[in-house]
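First up is the structure itself, then whatever we jot down about it.
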């Protein structure tokens, strides 16, 4: 969190201009130089909440719609250009009636509704392709697609994998689009949600032998040997919950489609299916990463506009989700494995790593990791950090492993950002795509740490101001306060509240006083909410019940302007998890050092 004189205007939506590259005739070969998570930050700043609200409403009315919108994006995204949305005309035959799409893809009305709302906000600005991508996933790392002017039924028929394919056919079909076999298995997990028509699984349940007999029998009534073609059956046993049940079903020989069960049928993908069947957090994280790649399949972008002297704005020239794709391709699995191991050994460590990122990320430059020396005082002993932030040993372990993989390549700041994401996911939160490419600070500032980090004693106005100073809205402040869904706090931080305040449940306060008396026991710990090792909305439920542990927590629900938002999150865990993931991307982009600024430390505790 060292001080630098760099611009920090709304960090999640900050821009850099790459038009100068056009002036020098430079060719930008990476997709991320064309697609950017901030593409509409200026031209349509309310885009993401608008799409999200419409999708949440649609899924609330019909849970199946979530799967339908994901499927619609998949079927468009062997191209990602919204060609699938084009209706047939008297002179044009599009993709809607192609074999894999006819009587299968749906959700067009929802996309129409969103498009109407978006046009009212930002006329002729946002592509249908981007709306599809955002609607399919709550958080998307790359925006800026343009819409196709045509469509191809032949491409749709030939490119989209059929439900009848065997393993080798699936591998080939995905490889033709640049996906590895592992990514094919990951993306097949989209069948965790939704339903399929009888015609797609009739042959399997009546003719195949690698199927659980009672499972097959249970389906034959609604899907007989002939007739009932359009009857639906769920693709897995929890079709409105996105989780790893799909893989559990495959291990039990209960895959609905032939192509599904082929992933677990004595072939090369059996081991990966088994892994995901036992590890939901890893599947969710891997799926999020693969979906970013899926969303970048051959989109139409504006790179050709350089030739016409037009300017492109993007942040991804500095930070990018694939920054280490070539220089350290095994980085993300390495960090994730270390975090999962650490959290398995001590569940509290997940909260500690998230807190470490937070306290670094009113700067996001790994300055918090620097040890004091005889000539240097860092941030570890600053008021908000002393006897509070922890997890340094875990970061050291990860850094050692990463240095062995890719020496002098990956910054400590990026390791912190990814470890925070993986910690939340390991404890039940929703994954997000971490933008990478930060560099490490060459200094640290105790005074900045003391003045910038919000204190547990702040009132609502103080919290709003503290977060506003870093470019966050009041809503985002409430969202990020939800990080207190996990972890514990020391007696010194809540002693005054439980002994002196009135806006607290009496029995709750009494239950804490024996371990945190009016004096002494300063370091005794209490959980920040009543489900302190599960990342969920219990924190907000506790606030509504006047059981917030810290004064600053209860201030969010104490007759002020944020009461309504707290109430909403207390009743809606999925919305909180989605909003938190989005806000964490913005948090992770607070004033990073990039380019030639800073350094890549080889030891996170000291300068090179």
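From the backbone N, Cα and C atoms, a Cβ is placed for every residue, glycine too.
Unlike curated entries, TrEMBL annotations are predicted automatically.
Lifted from TrEMBL, the feature list:
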SIGNAL    1-33  signal peptide
DOMAIN    34-327  domain 'Plant heme peroxidase family profile'
DOMAIN    318-608  domain 'Plant heme peroxidase family profile'
DISULFID  328-406  disulfide bond
SITE      355  site 'Transition state stabilizer'
ACT_SITE  359  active site, proton acceptor
BINDING   360, 363, 365, 367, 379  Ca(2+) 1 binding site
DISULFID  361-364  disulfide bond
DISULFID  412-604  disulfide bond
BINDING   454  substrate binding site
BINDING   484  heme b binding site
DISULFID  491-516  disulfide bond
BINDING   529, 536  Ca(2+) 2 binding site
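Locations of recorded TrEMBL features on the structure.
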residue: 328; record: disulfide bond; CB count, 10 Å: 18
residue: 355; record: site 'Transition state stabilizer'; CB count, 10 Å: 22
residue: 360; record: Ca(2+) 1 binding site; CB count, 10 Å: 27
residue: 361; record: disulfide bond; CB count, 10 Å: 27
residue: 364; record: disulfide bond; CB count, 10 Å: 25
residue: 406; record: disulfide bond; CB count, 10 Å: 16
residue: 484; record: heme b binding site; CB count, 10 Å: 27
residue: 491; record: disulfide bond; CB count, 10 Å: 19
residue: 516; record: disulfide bond; CB count, 10 Å: 24
residue: 536; record: Ca(2+) 2 binding site; CB count, 10 Å: 18
- So what pLDDT does the domain 'Plant heme peroxidase family profile' (34-327) average out to? 77
- Given residue 359 (active site, proton acceptor) and residue 454 (substrate binding site), what distance in Å do their CA atoms have, once rounded to a whole number? 9
- Query: Cα distance, residue 367 (Ca(2+) 1 binding site) to residue 406 (disulfide bond), nearest Å?
  - Reply: 21
- Item | Spatial neighbours of residue 355 (site 'Transition state stabilizer') among the recorded positions 328, 367, 484, 529, 604 [C-alpha, 10 Å] | 484
- If you measure from the C-alpha of residue 604 (disulfide bond), which of the recorded positions 367, 491, 536 fall inside 10 Å? 367
- Site with most surrounding Cβ atoms, counting all protein chains shown within 10 Å, from the disulfide-bonded residues 412, 604: 412
- Task: Specify the nearest of the recorded positions 328, 454, 536 to residue 379 (Ca(2+) 1 binding site), where nearness means the distance between Cα atoms.
- Result: 454
- Query: Which one is closest to residue 412 (disulfide bond) in space, judged by CA to CA distance, out of the recorded positions 364, 454, 536?
  - Reply: 364
- Query: Of all the recorded positions given, namely 364, 367, 454, 536, which is spatially nearest to the residue listed as 'heme b binding site' at the Cα level?
  - Reply: 536
- If you measure between the CA atoms of residue 367 (Ca(2+) 1 binding site) and residue 361 (disulfide bond) and round to the nearest Å, you get 9
- Item | Spatial neighbour of residue 364 (disulfide bond) that is closest, considering only the recorded positions 328, 491, 516, 529, 536 and their CA atoms | 328
- Query: At the level of the C-alpha atoms, what whole-angstrom distance separates residue 365 (Ca(2+) 1 binding site) and residue 454 (substrate binding site)?
  - Reply: 18
- Same-chain residues at least 6 positions away from residue 454 (substrate binding site) with a Cβ under 8 Å from its Cβ, in sequence order, are 384, 462, 463, 466, 467, 552
